[in-house]
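Some features that TrEMBL has for this protein:
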type: DOMAIN; residues: 50-209; note: domain 'RecA family profile 1'
type: BINDING; residues: 80, 81, 82, 83, 84, 85, 86, 87; note: ATP binding site
type: DOMAIN; residues: 214-291; note: domain 'RecA family profile 2'
């Protein structure tokens, strides 16, 4: 096999003028010949420069993400304390992917997925691909094969902490396995990163929290699995449950849900550090009517006079519970208001094909504003 001709060191030097353009074109042609068409190109020649997104299934979270949802072809990490709503947030993404006609897969490393709860959140469990791997390597290999196929739109791994290396499973309890899981995750990120981007698959990794030993100052919390996932993730969400929600009427003394704060601690596609406040109702998931009612009321799309809510001069309910019920019973009104809110925040284009001026763009330079929608959403904007 003939060796490829290589330039000698004395033949390499800086080019100028016409020689520079010719040398660049020759280099580009050689790269495409060796590595395939599209292996290098000018950025302006790319067909799609704007990041494609898929809705998270929560309006408040879509707004906090800034781009209108999870970016396609990227890695997402969702972490937080126990029972904070991490899996619920991920299952809403699964339901949204299926709603848009996509295929979703769930790698249940914790062996704790509740099919009945997933169905209550809108997941079509008959179409959901489920794997409960025996080891961390097996789970990541299955995820890799699904991603490489190019046929899957969303892969959820629940959770990174439960991806136990094979060597640890085969060993005895008490054996020391320093850095095994971190090395496994680091290798997985290197292998999966390019495939995820090429196939435009969204990969959601759910993670738990641990505490560093001996930390006297600063935050002692950390996530297992090493640092690779932190670097490769385009979006990292910190999910924390807070105030319990009491019921009404006969259930006034019963906890029916909890207010949950979702903080975007890392975002490569939009400004980070925004926060979304959502209501997670037990057995139902995120209250979509509740968050829409609060956000639309703040934007004056839904008018509030006393206890009455009205839309387009028509009363839709006395009190928030009745207004939520109206929105749930009239999906066409819900979709219409949801569209107006997304246009207002600049997440989608209006009917004329132009993006509406977002709330953030209306702010004066160097102005700090906190948009507080109670349980609905809180966004801090600083320019």
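For all residues, glycine too, the Cβ spot is worked out from N, Cα and C.
Keep in mind it's a predicted model, so treat the numbers as computed, not measured.
Cβ packing within 10 Å was compared across the binding-site residues 83, 84, 87, and the lowest neighbour count falls to 83. Using the Cβ center of 80, 81, 82, 83, 84, 85, 86, 87 for ATP, the list of other same-chain residues with Cβ within 8 Å runs, in sequence order, 239, 240, 241. Across the residues of the domain 'RecA family profile 1' (50-209), the predicted structure has a mean pLDDT of 96. As a summary of secondary structure, the domain 'RecA family profile 2' (214-291) carries 12 helix, 36 strand, 30 coil according to DSSP.
Cβ neighbour count for residue 85 (ATP binding site) (all protein chains, 10 Å cutoff from its Cβ): 23. Counting only same-chain residues six or more apart in sequence, the Cβ atoms lying under 8 angstroms from the Cβ of residue 81 (ATP binding site) belong to 209, 240, 241. Within 10 Å of the C-beta of residue 82 (ATP binding site) there are 8 other C-beta atoms, taking all protein chains into account. Sequence-distant neighbours of residue 86 (ATP binding site) (same chain, 6+ apart, CB under 8 A from its CB) are 78, 79, 80, 159, 206, 207, 239. Under the three-state DSSP scheme, residue 80 (ATP binding site) falls in the coil class.
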